[in-house]
Every structure is written in C-alpha cells, then in structure tokens.
Number of protein chains: 2
Amino acid sequence: MLYLIGLGLGDATDITVKGLQAVKSCSRVYLEAYTSILTVGKEALEEYYGKQLILADRDLVEQGADEILKDADMTDVAFLVVGDPFGATTHSDLVLRAVNAGIPYKVIHNASIMNAVGCCGLQLYNFGETVSLVFWTETWRPESFYDKICKNRAAGLHTLCLLDIKVKEQSIENMMRGKKIYEPPRFMTVAQAADQLIQIIQRRREEGEELGLLTAETICSMHANVLVNANETLRQLLSCDLSAPLHSLVVTGQLHPLEVDMLRLNAEPNSLQHLHMIDSSTYMS
Amino acid sequence: MLYLIGLGLGDATDITVKGLQAVKSCSRVYLEAYTSILTVGKEALEEYYGKQLILADRDLVEQGADEILKDADMTDVAFLVVGDPFGATTHSDLVLRAVNAGIPYKVIHNASIMNAVGCCGLQLYNFGETVSLVFWTETWRPESFYDKICKNRAAGLHTLCLLDIKVKEQSIENMMRGKKIYEPPRFMTVAQAADQLIQIIQRRREEGEELGLLTAETICSMHANVLVNANETLRQLLSCDLSAPLHSLVVTGQLHPLEVDMLRLNAEPNSLQHLHMIDSSTYMS
C-alpha cells in the first residue's frame, strides 16, 4: 500500500492520529521536501515518529518514482507531504504510477493553506481562483497574477496568493555546466510579494496602461505559517517583517461586515483607518 | 482558552494529535452538529476521547454562546467542528465573542472539503468560486449557483458544489405554532443536485433563455465523505446511488491531461467515452 499522508501546517503534532498510525506501520517513509516546509525539520519528525525518514526532493519524486514505489505491493510505504497531499501541489503523477503498477493507495488528508487561510476570518466561499507569485528575474517578470487578482476583485472575491519557494535550485551557470550545486533555499516574503505587485501598478501607471482593481491601498491579510497573521494595506506590507517562512498573502475582495470585524482583530494600528473606511463606505477598498 | 478544533472528514482518528491532546485537557467539549457530520456519531467520539461531548446545535451556537464561553478565561473549553473550524462554515461570531470577553482562542486546523476535494485529481488552483446548492421548495427555486458554475467554466475553472444540509429544521407550520418539533435531517445527494441543475437547463431551454456552459454532458466528479468518488456526466449522476452522506459534487472546467488521467481512475464505464472525447478534442466538455 502507498499511503499519501498530509502533515498539516504546524509542527510534528499536526499529523492526524490516523496518519501517525500509518507512518508507524510503514517500512519506508518518504518526506516530500521541495514544495513546502513545516516549522520543524526532518530530525524533529524522526524523533516524534520513531522512524527514519528519507528526504524526497524533486529529482527523486519526478525521476525516481520507481524507487519510492518499490515493493509497495507487498509492504507499506508512506509519502509525507506538508499540508495536504492534494493541496497546492498535487502528487497525481505518483498516484497514477502506483495504480498502473497495481499498487493500492490511500490518502490521509490534513489541513493545507488552501483551507487553513480561512482562520483570518475571510470566508472561503468568497475566494476566487488561487494565484502563484513567482520570483522575478532580470529577464522574466510575469504579471499574469496581477490580472487574476483584479479579475477576482471585480467579482468581489478574495485571492489567496501562494508565494514562491525555491529549494535545491541550480544557478543557470551550474545547470549549463552540469554541476549539481544548489543555491540556498529561498522563500518569498510578503514584503517581496507586495513589492512585485506595486512595481506592476507603477509600471502600468507610468506607461499609461489600464490599471486593475488592485491598488496600494487595498487591504490584504498576511500569514506566516498560518500561525501569525496581520492585516494591512498592500503599501504597508512593503515594510512588514514577519517571522520565519512560509508566508502567504490574501488580497481581499468585497468584505462582509463580519469579515471586517475579524480582520480588525489582527489589524496593524496604521491600517485600522482603512478598515474603518471600509466599514463606513462601500466595503470595497 | 477556547480551542476551535477541526475533526477532519472521516472517523474519530482523523483528528490531529495536537487536537486530541487539547480535547483531553479541556473541562468542557462541545461538538458542533449542524453544518456537517462525520462517518461516526457522537458516541464513537466520546468513547475514543474518553470524554463526554455536549452537542452544540444552531440555537446553542447562535444564541447560547455565553454558555459555551462561560469561565473559558479560567478553564479550557473545546469547540469541535467537522472538517476545519474555518472551512465551509466559519465560526467567526464565536471567535469575536471570545475576544470581546477577553478569552484567548486557538485554532487547530484539519482537512475540510474545501481542500480534500483535491483527491479526485483536479488541481485546487484551477477551482473558481465555491457554490452552495440549496434544497428547492415549491415556492423558492433559486438558480444563482447555475450561473456561478457557468461563469467558472467560462474561465476554465472547476466548481466545488456544497450540497445542502438540513438538521433540526422546523416545518413552517411548527415554526408558526412555536412548536420545537424538528423534521428528520436531510442531506442533499448528488442525484438530487444533478436533478436541480438539469431542471434549470431544461427550463431555460424551454423558455428560450440563454444557456450557460454547463450541460447534461459536462463531466462531474462526485464524492461521498471524500472517501468514495466517481466521475460521470451530469446526466449520468441523476441515477447515481452513492452511499451515506455527506455528498459533494465538482463540475469540471477546462481539464489538463493529467487531470483527465486522474478522473479516469474512478470513471464509471459509461462516462469513459466522454473522458476519451475530452482527451482527443478540446479538453472542454
């Protein structure tokens, strides 16, 4: 049996009881380690489970799936994923390979950022399409996420922005030389995300292009590991300094009075006036 | 401390280890019992936790919040919610009351239908706005969910349809007489959901109104407790007979080849041809 087990979003104890029982019964346990991270590392999980973990990087999952699935028709193998196994990153490819090899599989769900973000008090059924913000390079500065956010806002919907993660990435130079030397991991902060969004707004304004409904004064909700959250305008986020990764960002759409009350609970003092303005006018900042 | 604890979507062991520890430490434990249900009942949970549970129906949560929060500044109180506490139904009101009363609160997340639905292989970031399908009555037959599904499909997006739950509902007669007599609980099945959607399509066609992008041949994915799922056309769903509640339904948008492969894993024989058509033509049925 192949178990795909979600670890949730906090520490070692955020695994479900069912998931923990499965981990303990498996002969091999892989930890997917390139699309997300917990607040604790591999060693803390190993100690908690009483099991050795095998780190599964992108190479292993994408090219070494046979190794992961080896003998899984006769023994139990666990594949651990931060959040939910079918959350932001799905592992459909591994499932399809298992099925084709005649190996049964079982999914043990857990919270992922796709639902836990609701803790900021914004209603999940008022969210539109989720977007991904990628690190810009000198030559690649996509703006499609800005347009998607504006489209959601035009429909009154909030937008969850997943922020880029670069783990075990090679520099172009090392890649071209075939050297398996990896850059240090990078996790996009909300400040970096706000900076890219505001640069798009500025560029479009300067070049006379049409602007969407996302401005520097739009109220946003920012999260670090879904444990800390604070609500400010996009402009204020530029100077925000949240703790350790992972960060995520929600751009609000039309706000219900109850949503405004919830946002106020964690509002930065400077943005209270913006939330107050929402309250007294249109519910659309 | 007020703990809001998600129970996940399966049985008693789908609670997280962190959640279970919190339950065991609380002096009072409430089970929210009107927006969702597990595959096991209150008694099974009580046995598993070794704790008595207090059923919290809508009346208690909406009008008796003071009772739930009583002494929670000095003792620990748990409020258990099927899925995630901020999933499809949020409990913002209870949180706001706690904060206003100076009671700290902590959320322990878990899977909810909003993310676990990804197990069917459809990518969560390709979902648009979630819709709720309500039971029609003789005089109230809203159609807004149909338009939202069509809007999502026009943007290539999938739609999660939450199906209506009626627990402790009074008949209009009993309500007018002030009798606290409740109707038996009702859970909308995917067959009932498909029937309402197809009635909308037929009515609009007969009355010459504009039809959206959802037709009887659109591929849908249906779920019972996120444990069983099957993929068929909307028309085929009419005669489907899934096991116990809760059911949910996903109307597909534009399908990626990997999504088609995943849908095939659980496709009903009769709908394989439709999935094959998708594969060989436009990826938009």
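Every residue gets a Cβ built from N, Cα and C, even glycine.
Caution: TrEMBL annotation is automatic and unverified by curators.
For reference, TrEMBL has these:
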- B:Leu9, B:Asp84, B:Gly87, B:Ser112, B:Ile113, B:Leu163, B:His247: S-adenosyl-L-methionine binding site (BINDING)
- B:1-183: domain 'Tetrapyrrole methylase' (DOMAIN)
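Comment: S-adenosyl-L-methionine site residues B:Leu9, B:Asp84, B:Gly87, B:Ser112, B:Ile113, B:Leu163, B:His247; largest CA to CA distance 17 Å, whole number. The average pLDDT computed for the domain 'Tetrapyrrole methylase' (B:1-183) is 92. For B:Gly87 (S-adenosyl-L-methionine binding site), the same-chain residues that are 6 or more apart in sequence and have a Cβ closer than 8 Å to its Cβ are B:Gly6, B:Val81, B:Ser112, B:Ile113, B:Met114. Around B:Leu9 (S-adenosyl-L-methionine binding site), taking its Cβ as the centre, 25 other Cβ atoms fall within 10 Å, counting all chains. Using a cut-off of under 8 A between C-beta atoms, the binding-site residues B:Leu9, B:Leu163, B:His247 that neighbour chain A are B:Leu9. B:Leu9 (S-adenosyl-L-methionine binding site) falls outside any helix or strand according to DSSP and counts as coil.
Around the Cβ of B:Asp84 (S-adenosyl-L-methionine binding site), the same chain contributes B:Gly6, B:His109, B:Asn110, B:Ala111, B:Ser112, B:Met114, each under 8 angstroms and 6 or more positions distant in sequence. The Cβ of B:Leu163 (S-adenosyl-L-methionine binding site) lies under 8 Å from the Cβ of B:Leu133, B:Phe187, B:Met188, B:Thr189, B:Val190, B:Gln192, B:Ala193, B:Leu246, B:His247, B:Ser248, B:Leu249, each of these being in the same chain and 6 or more residues away along the sequence.
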